[in-house]
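Colleague: Quick one: structure below, then a few questions.
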Amino acid sequence: MQVAKRHQLIAPAYSALLALIILAPLLRPGYLLFRDAVSTPRSYLTDSALGLGDAAPRAVPQDWLLSTLSRFIDGGLIVVAILFLALMLAGWGAAALVRAVLTRPDSGLSAGPGAECAAVTVAIWNPYVAERLLQGHWSLLVGYAALPWVAVAAVRISRGDNAAWLLLAFSIGCAALTPTGAVLALVLALSLIVGDFRNHPVRVVGVLGMGAIAALPWLTAALVSGTPGVSGRAGAEAFAARAEPGLATLGSLAGLGGIWNAESVPLSRTTPVALLATAWLLGLVALGAWQLWKARAAEARPLGIVAGLAVVMPALAATPAGISALAAVTSTLPGGGLLRDTQKFVALAMPFYALCVAATVIFLARAASSGLAVAVPALVSGILIAVLPDLAWGAGGHIRPVHYPPGWEAVAQHVSTGPPHGAVAVLPAGMFRVFPFAGNVVALDPAPRLLPRDVLSTGDLIVGGEVVRGEGERGQRAQTALLEGEGPGRLLSLGAAWVLVEHNTPGLHGAASDTLAQLEQVYSDDDRTLYRVPGEPADFSASTAQRNTVVAAHCAWLVLTLGSGLILLAQRRRSSRGAGSVSEL
């Protein structure tokens, strides 16, 4: 029994080790400010944080959770803790899935710690994780991490284990930290449950109900605000999956890479090593899939179908015909903007890949001599790590904490004294900044999270030199007013009570000096200057009823996630005391 307990600790311990190797630089004090990743000491519950701004609610309930927790805990610490737990749980979940599917008397396979650790390696140490980290999509990795746990829960439910509904609720709730995560979790859960719909229709209804509750924050915000979240052809083209050297688009996606932004690709994936790495991974997956087919592992089949679609569909969407079709969908379907970054759906392949690699390790260990069998897991995992060395240490040192220059607190204090509905317009133009203190890396402007009032953002993205227009119409008009040197009245009509000019970062100012000359300067330092727009700004803020409705939706998500998690933890503790062993969640 003690041996079994130690064996069950190996996978989570190994997962934590890999997560630590990747995130070690972030253990130092500081904050994330890297491409789309922005953490701040404190963020605020603005309309935008609730998804009630001009832009589509793509960052809820994430922003609501951070603004709530950062009142009590440093926001930078919260983000790093969530990211570490996400990577650790991704690996641990892969090991749990291997145990759930392969360790069965009728499977013909028996997964030990070595096979589980190989699955851990695949789940954590892969191009998808590296590229999403380099893009700053830390919260998407929470949804990614939940996928193997969703699969574990769905497998148990399909076997009649009703206690696994708690795990499914918790996993879907965690995945729903972002809208994309909710979609990923729901798709995977349904793929494993829907096959038995005729005999157990209530299970499908239960999964759909959980998915609906988990998605309430962004669904409610979209309905209340009236922001459709649509995109268009420019977005479909800009966010199409990319080919890596020698792989073509399909090969890149099959190797769990292919992100749209070339700057978010690890250096090793821009060399012939990418071809070798992909060949090694797909060879392991192919051999493992054969073993699963021979073992008649029924639960692996829907995972395999989902994995195949998760690779093929983004590849098709990157073709001219696919781009046209995707543009038609994203420009007309409310919420269709979620679909434009198709490469992120490759995450759905990870659970099947993890199972296959574990099955390969079992096969190779059996085929090897007794002396070499113990080395098989280390060899498989070691090569997977060796062909992607620049995932270690903050993705090759790119991701590291920064320290914000002093003065933001003073700006926030000034802004908080103005009208509660007074928004902040910003200069230079655009929503991205390149600050020396952040290593001159392109990053989202931190002002929307550092200030207690809504910041007028355009939502525009520049990809490959092309501008992808965002939904921030009011931000667009305010930016135009500043660049053309219009008077304060125009800013007031757009709800702007303040203008923040950020120094030491490139960007257009146009004729803004004409506008600024008519405003009241209330604060200035080496890094920024804050101006007050004289007069009463128009009120574009959400009503109390709208905010309360959206907050209630967030609370429903929180009750689903936190409630199921606490009950699950209590049950696990009782089970561990009774059985004297460590069990999965």
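In case you wondered, yes, glycine gets a Cβ from its N, Cα and C as well.
According to TrEMBL, the transmembrane segment annotation covers 9-27, 75-98, 138-157, 163-192, 204-224, 273-293, 305-333, 345-365, 372-393, 551-570.
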Colleague: Between the stretches 9-27, 75-98, 305-333, which one has more Cβ pairs under 8 Å with the transmembrane segment (163-192) than any other?
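Modeller: Looking at each of 9-27, 75-98, 305-333 in turn, the most contacts to the transmembrane segment (163-192) are made by 305-333.
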Colleague: Ranking 9-27, 75-98, 305-333, 345-365, 551-570 by Cβ pairs under 8 Å to the transmembrane segment (204-224), which is first?
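Modeller: If we count Cβ pairs closer than 8 Å to the transmembrane segment (204-224), 551-570 scores highest.
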Colleague: Between the stretches 138-157, 273-293, 372-393, 551-570, which one has more Cβ pairs under 8 Å with the transmembrane segment (345-365) than any other?
Modeller: 273-293
Colleague: Would you kindly list the residues that approach the transmembrane segment (9-27) from elsewhere in its chain, counting only those six or more residues past its ends and only Cβ-Cβ distances under 8 Å?
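Modeller: Distal contacts: 80, 83-84, 87-92, 95-96, 113, 116-117, 120-121, 124-125, 129, 133, 391-395, 397, 399-401, 582.
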Colleague: Same chain, outside the transmembrane segment (75-98) by at least 6, Cβ under 8 Å from its Cβ: which residues?
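Modeller: Residues packing against the transmembrane segment (75-98) from afar: 11-12, 14-16, 18-20, 22-23, 26-27, 29-32, 37, 39-43, 66, 69, 111, 115-117, 119-124, 129, 138-139, 141-142, 144-149, 151-152, 155, 350-351, 354-355, 358, 401, 449, 584-585.
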